[in-house]
C-alpha cells in the first residue's frame, strides 16, 4: 500500500524529531558522563524551524532529567520561558508566522546527577523598530494581539483598550488576517500561565501589561504643527498613558510633563539649558523613540526577571549546556539596519562553524601528523572583517559618522563607506555595480556579498537606529512614573550620567564577541535547519532553495571533511583513563607512556589499521562503528569490574562487621548487667517514694491540695459526684443537700445553685399561661413594694383577682361595658373602693374600673361616672409605708379644677397598684412615703400660684372665695 501525503509528512516530521532527540541525547551524555560542557547551535534562514527545534531540545532535556519536585519546578520554568519570550520577542513576517525578532542563548545548569538546577538567558538585539512600523503582510510583536484578543473585558477596560485592531496606529499597518497559524486568545492564556509558573506576582503582571497597553496608546498620540511648533492632537491618549487610578496604573507619570516632553526638547550645553519646541516630524520621532525604548527595556527586564527565577539555589559550580536559537539569515525586498545586524550575526556564527569544524579539524590533522588531503572551503572571515574591522570596517565608519560634529546624515554615511570600501571585492556600491544591478539598486543603497547570498541594504535610518537617541525630557518623565517596572528600567542615575552611551551596533558587536567566547569554550553540536520553500507549506521541497542553503552553509564541505576524516579523537591520557579496563596490560594501572597504553588497548581489541590513526598527542578513530564497539565493550566490562569491586568490598565489610560485633557483644554484656542492677535499684527507690507519698497523701487528704494528696482528692471528688447523682433533691422546695468533702465545698455550692435553677426552670416551663401571668404580676409587685410597704408580705400568697366587685355591682359592670366603653376599650381590673371628699374627708363608696386606656371612678350603687381619667394623666400613685390601704392618685392641674387629687382606700391596694403599673408600664409613677412624716396644711394663695402648687405638691382640695383660694395640701 502507498502512504498518503499526510502520512508521509507525519513520518518525515517524526524522523526529524528523532534526529533532534538523538543529537541532544549525545550532548547530554557527554555532559553528564565525561563532564564536557556542551553547546547546541541552531542555525538556518528565517522560517526554517530554529525556534521549534530549540523547543524540542528543551523538551528532551526535560524528559531525560529526573522527576522529583525540585527538578519538576526547574523544568517547568525552563519550558514556560519559551511562551513568554515568544510572545514579547516573536512576530509574524512574510517568511515565518512565528519569527524570532531577537537572538537567544540559554545556558542550562546541571548537577552531577544529570538533573537541571537552573539556567540563564542572554538576549541579543531585539528588533524594536517593529513596535512602530511593520512591512506589508507582517505583524507587530505577538503580545499586542494576544492582549487584545485574550484579556477579559474588565482588564481591557482598566487598560483603556478596545479589541478592534484598527483603533491603534502601531497595528494599522500590520497584517490582520486571522488565518495565520497562531491563536492569539489561546496563546495569551498560555502566557499568563507561564508568567505564574516563573514566579511573577499579580502586581508585576498588571504592571507588565500596563506598559504594553501604554505602548499602544503612544502610537495614537498624534501631532499638528502651527508655525513650526507641534501640539498634541489627541490629549486623551497622553492622559491614558499618564493616568494613575486606584484600579490600575499604566505608567503613572505627570500628564503635563509627558505632553511637554513629546513636543519640546531640552538641550544642555556649556552650563546653559535651552528648551526648544519640536516640529511635527521631530515630535513623531520622539514619540516612536519612547515607544521603542520602553518596549526594548521592558523586554530586557523580562529576561532579567526570568534569569532571577531560573537562578540555581546553590552557588556551587555546575556543568552547563548552552542552546543558541538566534535569528536566521534574512534577505527581504527592503533590508535595513536590523537586517544588517542580523546578517552580521549569522556571518559570525558561520565563522565559528568554520573555525570549529572545517578549519580547526583540518589543521588538527596536520598538527598531529595524520595523512590528509585538504578540502577547499569558503572562509567568510573576509566578510566579517569588512563589517567589524577596527577603524576600517562598516561598524567603525558608522560609529564615526554618528559621533562626528556637523550635519551627519544617512547619505553622508553612504558616501563615506563608498569612498573607504570601494576597493573591497565583497562590497558593491551603486557606482561600482554593473548595469543590471544598478537598475534594481537605489542610490541610497549598498550591497554586501554575504556567504548566504548578495544582500542590498538601504541606509535610511542607519544613523538614527544606531544612535538610538531618546531625548532627555522623555527619559526624565519616565523616571517619575509610578509603575514599578518603568521605575526600574528608567533609573534616576541615568539622568545624572554625562557619559555618552555606546551605539547600538557597537553594543551588538561586543555582545556577539562575548557570545563567541562562550561558545568557543564548549563542545559544539550543530542543528542546521533547511527551509524547503518560501511559501510556508509542508511537504513541498524547492530543489533550488534547498541546494542554495546546503551550499552556503558549507554542509557539503563539512560532509567531505567528516567522510575523509575521523569521527572521534581523544588525547591519549583521557582515552587510556576511560578504556584501560579493556586490556589486561593496562588494568588496573599502566606505568608507561599513555601512547603505549592506548596502543596496547587497540591491539587487544583488534582494531584494523584503517580504523584508527595514532597522532602525536591523540588517537583518531575513523568510523563511528569502531567507537560504538569499543564503548559497548566498556559498558559490558563495567559489570565485571563492578562484580570484583563488590566481592572485595563485601568481604572487607563482613570482616569489619564481625570484629565490630565481637567487640560490641562484650561491651553489651557489661552494660546490660550494669543496666539491670541500676534498674532494680531504681525500682526499689521509686516503690519507697510511692509508699511514702501514699501515706502522706492519706494524712493530708482534708488539707490544701498538694502533689501527694492530689490522688486522694481526685478520688474524693469522683466518689462525691457519684453519691450526689444518686441523692439529688427531687422537689423544688426541698432545701436538703447531700454532705460533701472539704475539697468539694466550692463545687457543692455551685452545683446546688445550678440544681435549684434547673428545678426552677423546669417548674416555670410547666406553668399554665394563667399562672405565668400571676407570677409575672407577683414579680412586678415585689419590685414595687418589697421592703417598702408593710402589707406587701400578706399579698404574696393569694393570687391576684381581676374582678373585686360585689354581686350587686357585677350586673352594672356589664351594662357599663356595653353603654360607656369606647371601641377597643376593655376592662382589665375592677374593685370597690372608698373615696374621701376634700371637705371633712367624708367616705363615699365608689367602684374603680381600670381599662387598657382609662381609669373610671363610679358611684358605688348606680355606676354613675364620677371621674374619667386617661391612663397617661395619672401622674403618681402615692402610698404610705404602713399597712393602711390609702392610695392617692395625682392628676394633671388642668384636670383637677376644684376637686383636687384623689384619695382612695383600696382593700387590695398591692393588687390594684400592681395592675395599674402592669397596664401603664410606668413603675416610676409609684411613690411610697413614710406615713409618720405626712402633714396637712391649709394655706391661702393668690390665683397666680395655683399652677405651681398643682405641679409640685399633692393637692387635696381647692376653694375659691373673694379673689383668694384656700388650698389643702399634703406634705411628706
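Every residue gets a Cβ built from N, Cα and C, even glycine.
The domain 'Myosin motor' feature in TrEMBL is assigned to 1-635. Marked as ATP binding site by TrEMBL: 44, 45, 46, 47, 48, 49, 50, 51. Under the heading region 'Actin-binding', TrEMBL lists 512-534. If you look up TrEMBL, you'll see 789-972 marked as domain 'TH1'.
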For this session: For the region 'Actin-binding' (512-534), jot down how many residues DSSP puts in helix, in strand and in coil.
Result: 9 helix, 7 strand, 7 coil
For this session: Within the same chain, and leaving aside 44, 45, 46, 47, 48, 49, 50, 51, name every residue whose CB is within 8 angstroms of the centroid of the CB atoms belonging to the recorded ATP site, in sequence order.
Result: 96, 99, 328, 529, 531
Exercise. Residues with Cβ closer than 8 Å to the Cβ of residue 48 (ATP binding site), same chain and 6+ apart in sequence?
Worked result: 328, 529, 530, 531, 549
For this session: Can you check which residues sit near residue 47 (ATP binding site), meaning Cβ under 8 Å from its Cβ, same chain, 6 or more apart in sequence, and list them in order?
Result: 93, 95, 96, 99, 328, 531, 536
Seminar exercise, completed: Cβ proximity for residue 46 (ATP binding site), under 8 A, sequence spacing 6+, ordered by residue number, returns 93, 95, 96, 99, 327, 328, 329, 330
Problem set entry | Neighbouring C-beta atoms (10 Å sphere around the C-beta of residue 50 (ATP binding site)) | 25
Exercise. Once the chains shown are all counted, how many other Cβ atoms turn up within 10 Å of the Cβ of residue 49 (ATP binding site)?
Worked result: 22
